[in-house]
Amino acid sequence: MGLDFDAVEYCKGVKTQQSQPPFACPVRGCDRSYKTIMGLQYHLMKYDHDNPQPLTPVLTPSRKKARSRSGGHHSTPRPHKDHPTPGGGGAEARNGCSSASAGGGSASGVSARQYANPESLVSYNEEEATVTFNLDGKSVRLGIDDALPLVEDEEFAALVARGCILNADAPPLEENAPWARVQVPVARVAEIPDYRVSDAPPRPLAYYRFIEKSLEELDGEVEYDVDEEDSAWLEHMNEERQRLGLNAVGIDTMELLMDRLEKESHFQAAANGTPTGVEVDDDAVCCICLDGECQNTNVILFCDMCNLAVHQDCYGVPYIPEGQWLCRRCLQSPSKPVNCVLCPNAGGAFKQTDHGQWAHVVCALWIPEVRFANTVFLEPIDSIETIPPARWRLTCYVCKEKGLGACIQCHRNSCYAAFHVTCAQQAGLYMTMDTVKDGHNDSSMHVQKFAYCHAHTPADAKLKMNVPDFEDTRHKMKEARKALAKKRSTAPVVLIPTIPPDRVQEIATMVTMQRKKEFLDRIIAYWTLKRHYRNGVPLLRRLQSQGNNHGVIQRNGIEGSPDTGELYRQLKYWQCLRQDLERARLLCELVRKREKLKVAFVRISEEVVMLQLNPLEAALNKLLDALEARDSMQIFREPVDTSEVPDYTDIVKQPMDLGTMRAKLKECQYNSLEQLEADFDLMIQNCLAYNNKDTVFYRAGIRMRDQAAPLFVQVRKELQRDGLLARSQRYHVDHVEAEVEQELRLLLAAPASEGIVQKLLILADKSQVLKNPTYRTKKIKQIRLEISRMRKSLQKARFAARHSSHANQSQSDDEDTLGGSPSKKRTRKRFNSSGVDMELGHDDDDEEEDSDEDSMGEDTVSKDLLNSTQTPPCSPIKSLNNSSSPVGINRRTAILLTRKAQAALKRPSEPLTTPVKEEQHNSQSSNTQSTSGSSSSVTTAATAASSGAGTLNHVLSSAPPTASSFALTQNNSSGGGALASGTGIGGSSSAGTAAAASLTSTALAMNSKLSANLPVKSPKRPGRYRRVPEVRHSSSMSPKKSPNPAVTVSQALPMPETLPFERIPDSFRVYRANNQRDVSDSDDAPSQSSSPCSSCSDFSMSGSCSDFDSDEASEGDADGDPDRDGGRSRSEERDSTSQEGTTDAMDMQHASLNNVQGNNGNMAISSSSGGSGGSSSEDDELEERPLSARQNKPMKVGTRGTPTPTTMARAVALSAGRGRGKRRSNLSESTSSTATPPPLRRAGKLRSATPNASPLVNNIKARRNTTAAGSAPLTNNNRSKHSEDSASSERHNNHSHGQKPALEPLQLVWAKCRGYPWYPALILDPKTPKGFVYNGVPLPAPPTDVLALRKNCLDEIVFLVLFFDVKRTWQWLPANKLDILGIDKQLDQQKLVESRKPAERKAVKKAYQDALHYQSQVSDLEGQGPDPIM
């Protein structure tokens, strides 16, 4: 049963009737009373009078016994321990809690008091008799008459720990109260039968997200929506248009026009700077509390439409809104002005009432009877009807208005001055609100409002407010009255929008209708009236908030900066912040450096400790790190992958690499430096044994060996210095060094002879394998110096023997030749006979100069006794070749030399089929020596015998006179003129033999005279150690390419049985490499020679077995045109050597003046220039056509293949005449009387335009083809051969005059694209199928899109090239954009450094290395596992 009256209305009546507490409860039987009306109202509404419960539990009298502990806590406070409760001490002592009387009672003193229910209410009498405390969120009431026993925290904690106080935190007296009985809710569960959870519906792959449009996008859209007024107006307009017979206008058209009118007016106002509202005042205060201060939780908000300034708490805004914020008046009634029902003034913060009216918030706060239904949002305003009528009848003494609104009175009891709240604010009356606590209850807060008239303003308030005197106050009141009257009378400023006519015309173009102008005038008038009715507020809600401040910002932006001071303050703030951040960054950097130094210190300390524990391991670690640093390509870093090279374990039995050495070092398997050095030597030996000499791995092994030697020496010295090297290890001497030293002492002790010279040459080759580079260089220089001295002593002996011998019939000519230039200080002439250098000098005291010259790298081997001095079967060099692959010789070359040497030893037992070319060469060697020494062969033989050249005498005596011929050659590389014999041919008739004999004597005499008349000068060699890039050829031919296979040894030259063994000197048993030559790091271009096999064929005039030759170079003669028979075309003899600084010694030996063509006697003489730039234009013309053509008649010969003496003399004379005009020391040009053309002397590094990408492959293939063909007979079709030679001559003449050779597929070239430097590339055939493998290297097939680009350049000849870049780019390029790669080393170096950008140069170098790697792969015929090009 509830109350039979309204509790709220009763409380309001009590408030008006009774002003002083206490307020008693009107319910019969309830004697409770309260100090406040709110307490009474709460009691009436919450308390259940039908089931009354005691709000405070009944206190147990102190005279009763305390309850047992099992029953709960004591209900009364225990007395102090000095006054124990009777009968209680013994029980507690028995339980072991003797101090419970004090501790328990004292502890319960707090908990034994009455814990009040926060929701319970107390009567007024009970409230007066108790004191309430808030402990941990609980209200505790203590009687004012009860004693307060105390207990310490430690004692209370000990009692709780022992269990003397149970549930110390729970309220003990009210634990059985109904409100304290909290039961856990019991869930009611019912299982639904046959219920299945369905799968989630399929969701789209993307989320739906709303993206707000920008202002520019919104300006282009239609945002206006018609309302009821617009619909009614449009309906009326359409009715009129129908009466006139016009079409109706749609709603969309009206929305478009209204939207454009609104936006154009907004744009015009913004452009003109017209303010559309009140400007924001930075010093604005809250219009409710008149305070300008704000806090983080109570900031001042400004309305975006009317610029109203209010606090959050004053206006009821619990949180700061994001974006636009409008007050309630602007939000709900933007166009219609509102009036306050509580005062006559307009403006300010409005809120709606519960009846739909408007009132000021400040009025609702100050009038006592008015309330807010929601105290958080302060709306709506209610209880206005409870205002007494007397308030409505009061007259405001400020505005003198009566009956307009409700007034409040002065707080002074004796003053009856009344005033409106807003009028008091305008007049500046003293009005204050304070929150105070209730005097009896600390938990309740009250708001006290004090409003005074100007006459009763408190004195302290006057000082704070600086209130003037009475007269000034009256004057201020009058001004406030006038201001309020002006506000009430003035109408709001309505901004009438205007749009220029041109803009109206633009808007009119957007629509199409009948009588457009009339309709536009009517709709503009309608829009203007609607804006005026809305007090100028824009019809678009978005423009309502933008229009107010936009014009102000635009105007300020035109005039200048909006706030320079604020910007300056912000700038200073950010500068200070940046400085602070910079200081923090520097501090962090210092910390980082400190920690870095700490880490470095710890590492150094660790190294010191490890060095003290195991110093040898530290030294070996340092050495191994240095070795790994030398391995820049990381070739030796990891073990060899046997899956890539399956045959590696067949050749290398003990693999070794730096990674394995590192692992062994970590496992402490190295007890000495020698063990590590042995493993390193094993690694290098494995590399040299398995890889070919022309591979990058072989060169890396050589480079690694040379760079590691000083490292081992340095580490050994450091270990010796530190005393870590054992005594037995300190004096370690290489066994090869000991052998070289011992053999050198023995050779120097023996008398000088040619045999000793040959052994010294062998010893110099043996010194190449010494490990110490410094010792190796020093020892090689010493041996070469001894060789030079010994040669000079032998030459002096020969010279004395020649002058003491009997002169022959040409002695006078020789004396003229030797004595032609008596005025010169020094004349050096070298007579080249089968590669032998013979010096004739008039100064005997030049030995020191010559020794220095030889020691600087004169690697030319003396070859004048190669045919006389033979290597015995057990050569000392054999000990050097005991390893599987000695230094300088790869496995293939070593096997080749061994097989050829064995074949040479077996040759005497087989029927000799040596071609005529070899016998002629032997006879030429003997004849050359006899001619160069004196004109008589008998005298030369005697002189040679006296000098120890017995073999020369033997060969000379065994050569028949029919094999004699002559030739004039010049050795430019040796620095002096020399006379050498040409290649003869054996005749089949006696007439030919006689003619050849007579021709020999005549030509030798002419040769002597020509050599005496021409000036001889030794040119300076600019690059002494530079490797001569020109091809070294030999005048000898392979037995399998002999032009006359029918001629046998019995017909040409009888050979003794010991000749094959004697023709294999020691220099052919070992590969002699020159360490001082200039070799590119990227490629060792294989030198070429015309001799197909330098190791087993006879000795040639050019010295094909020199230090620069290799196994690949000896096969150069096999590379040529496939249609030649037994020799090369005469036009291929020309060589453009303009790119090289010096001329090779073999250039002039193969330049011939006579070249007999065919068997009919027609002989064409071609001339080749040995100089690079010294020939004149006349000489060039002579070179461009054969000599027979210049003489305009064919040259007749007496016998088959044998020219007449007259013809030969004429050729020699012509050659001598041309040679005089040249500045370079071209003594003479060689002539050949053979029926077979001499071998082709290549032009520099020019490669033959063959599909093969490597000259080594060409050489080997050509040699195989030649071997398969055998001794093919010569063709007699002279006309066809002459035509082929003419075409070849024309082609090579074009090459010699600067034209490029023909480009063929599978050639390495330099390619040029626009915007890129010259780049290495490979020419490929567009028809290359997929999976094509060339010499074991897979080549890619061109893509279809690349082939489709061919149609873009149909007007010219282009080549498909594949660049060696990272992406393997394809391109079609013409011939003028391509240069052959690998022909000229200077050209290659120029292309490598052509680009100015370091990154491009690095990329070009990398591509160049890839191209060379590809070349080495296709040249690798032993299957070393080449990788695909892509």
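Placement of Cβ uses the backbone N, Cα and C atoms for every residue, glycine included.
Computed from a predicted structure; not experimentally measured.
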Given ranges 23-49, 131-157, 509-535, 698-724, the stretch to which Swiss-Prot attaches the annotation zinc finger: 23-49
Cβ-centroid neighbourhood (8 Å) of the Zn(2+) 1 site, Cys286, Cys289, His311, Cys314 excluded: Cys287, Ile288, Leu290, Asp291, Asn298, Ile300, Val310, Asp313, Tyr315
Cα-Cα distance linking Cys303 (Zn(2+) 2 binding site) and His311 (Zn(2+) 1 binding site), given in Å to the nearest integer: 11
Shell of the Zn(2+) 2 site beyond Cys303, Cys306, Cys327, Cys330, same chain only (C-beta within 8 angstroms of their C-beta centre): Asp304, Met305, Asn307, Leu308, Leu326, Arg328, Arg329, Leu331
The zinc finger (394-457), counted residue by residue under DSSP: helix, strand, coil: 7 helix, 20 strand, 37 coil
Within the zinc finger (283-333), residues counted as helix, strand or coil by DSSP: 9 helix, 6 strand, 36 coil
Summary of DSSP states over the zinc finger (337-370), given as helix, strand and coil counts: 6 helix, 8 strand, 20 coil
Using Cα positions only, nearest of the binding-site residues to Cys303 (Zn(2+) 2 binding site) (Cys286, Cys289, Cys314): Cys286
Cα-nearest neighbour of Cys314 (Zn(2+) 1 binding site) within the listed binding-site residues, Cys306, Cys327, Cys330: Cys327
Tertiary neighbours of Cys289 (Zn(2+) 1 binding site) (same chain, Cβ under 8 Å, six or more apart): His311, Cys314, Met433
Cys286 (Zn(2+) 1 binding site) and Cys330 (Zn(2+) 2 binding site), distance between Cα atoms, whole Å: 17
Neighbour tally for Cys303 (Zn(2+) 2 binding site), based on other Cβ positions within 10 Å of its Cβ: 23
Around the Cβ of Cys327 (Zn(2+) 2 binding site), the count of other Cβ atoms that are within 10 Å: 23
Neighbour count (Cβ, 10 Å) for His311 (Zn(2+) 1 binding site): 23
